[in-house]
Amino acid sequence: MDAHITPSTVNGTVRAPPSKSYTHRAILAAGYGDGATVKNPLFSADTRATARAVEAYGGTTEQADDDLEVTGFDGTPGTPKDVINCANSGTTMRLTTATGALVDGLAVLTGDESLRSRPQGPLLDALDQLGARAESTRENGQAPLVVGGDIDGGELAIRGDVSSQYITGLLMAGAVTESGIDIELTTALKSAPYVDITLEVLADFGVDAEVIGGDDSEVRSAGADGFRVDGGQSYAPTDGTYHVPGDFSSMSYLLAAGALAADEEVVVAGAHPSAQGDAAIVSILESMGADIEWNRDDGRITVRQSSLSGVEVGVADTPDLLPTIAVLGAAADGETRITDCEHVRLKETDRVAAMATELERLGVETDEYEDELVVYGGGIDGGTVAGHDDHRIVMSLAVAGLVADGEVTIKNADHVDVSFPSFFETLADLGVGVETGA
C-alpha cells in the first residue's frame, strides 16, 4: 500500500492510541500469571505477535470488545508445539525468548526478514550464563533462535547499550524462577525509560524488582549498575484487570502535525503521565518554540501552529522519537542536531540512515554520522519516498507531507499496522488530504 499526502492544515480532537510498549508487557505478564483482563490494549500486528507467543507457551487470549482476556500458564510455560513466529516484533522476540528458557523442552523463535537481521546475541549469552540452551541457528546472534531450560535463576552480566528489551525479558522471566535473577550491566543503559515501563507493569501485577545503583533522576533505571528480581513471585493485577495508557510515541506524530500545520488547534486526549520516556516530545516541542500545553490531570495536550527553531537533542533514552524530531527539524528554521543515536540504527531499519535518505529526497539537507544526525531546516519539497518497512519512518514522513510544497507519496506505507493501525484515518479526521492504495 502507498500513501499520498496532500499539503494540509489540521484541526480537531483525537484520542491517543493505546501504548504498544505497555500492551506487550501486560499481555506477557498476564500470561506469566493465572491470567487477567487487559483493558484498552493496542490491537496491532506487533501486539498480536506477543499474544500468539503466550498461546504457544500454553496460555489463551481472546478479544472481548475493546479488551483482551488472557488465561495464563501460571509461571510454568509449556514447550511450544510449533515455531513461534514473531513477525516484525522485536519486543515479542526478546521478551518471549527469555520465556523459552523456562520450558523443559525447546522453543524456536523466528520472524520476518527485518527481525531476522536484528541483534539477539547479548540476550542469548545472558541466558547461557543462567544455564539455558540459547542459540542462533546461523551462529550469528540473529534469529531463528533455539532456547530451552529450564533455568532456576542466577547471576548474569549483559550490555545495556544494545537493547533495553533484553533487560525487560530477563526481569519478567526471572520473577517466576526459583531463585531470581541478578543482572549486572557492563555498559551504560540506553532507553532506560523502557525499563521503567517494565518496572511499573511488574509492580501493577504484584511483582517486585529492584534497581541497583542509579543516578536518582526521575527515570529510575537511568545510570543503573544492574537489576534484581526475586524468584517465586506471582503475577496478579488488582481485581484481575490492567489498564493500558496512551502511547506517547504515536502521539508524537499528532503533536508534530499540530505544531506544523494546525489551522486552529489540535487536542490529543488520553495523554496521562506514565513512565514513557517519549513524553519528552512535549518538552522538545517547547524547546523548538511550539505553542503547546499539557494538562496532566485531564490527560489532554493542546498544540497550535507556530514557527519552530532548530535544537540539539539527545535520544539515548527516546530512540523512537528520532524520525519525528528529524521531520520537525526539516520544517524548522536553522539546524537540528540529534545525538546519541547509534542504537537507533538497530531498529526495524537503520532509522538514522533512512531518515537522512528520505528527507534528502524531499529536498532537505542532512549530515549523517555514526552517532548523530544533523538536519538543516528551511523547507520540504514534495516527492516520492520509501517507507523502509518501518512504521515510524512512514508516519514521520506523512507528517512531513503536511507542510511540503507538493504531494508526498510514501511507498509501502502499510506498516503503520505495527503500532498505529488507524493512523491514516486519524490524519483524515484532522483534515489531512490522504489517499491510500496501490
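Each Cβ is built from the backbone N, Cα and C atoms, and glycine gets one as well.
Among SER136, SER191, SER306, the residue that Swiss-Prot places alongside LYS20, SER21, ARG25, SER163, SER164, GLN165, ASP320, LYS347 at the 3-phosphoshikimate binding site is SER191. Take LYS20, SER21, ARG25, SER163, SER164, GLN165, SER191, ASP320, LYS347, the residues named in the record as contacts for 3-phosphoshikimate: the widest Cα to Cα gap among them comes to 19 Å. When Cα-Cα distances from ARG392 (phosphoenolpyruvate binding site) are compared across the recorded positions LYS20, SER164, SER191, ASP320, LYS347, the shortest belongs to ASP320.
Here the Cβ of GLY90 (phosphoenolpyruvate binding site) has 22 other Cβ atoms within 10 Å, regardless of which shown protein chain they belong to. Separating the Cα atoms of ASP320 (active site, proton acceptor) and LYS20 (3-phosphoshikimate binding site) is a whole-number distance of 12 Å.
For GLN165 (phosphoenolpyruvate binding site), the number of other Cβ atoms no farther than 10 Å from its own Cβ, over all displayed protein chains, is 24.
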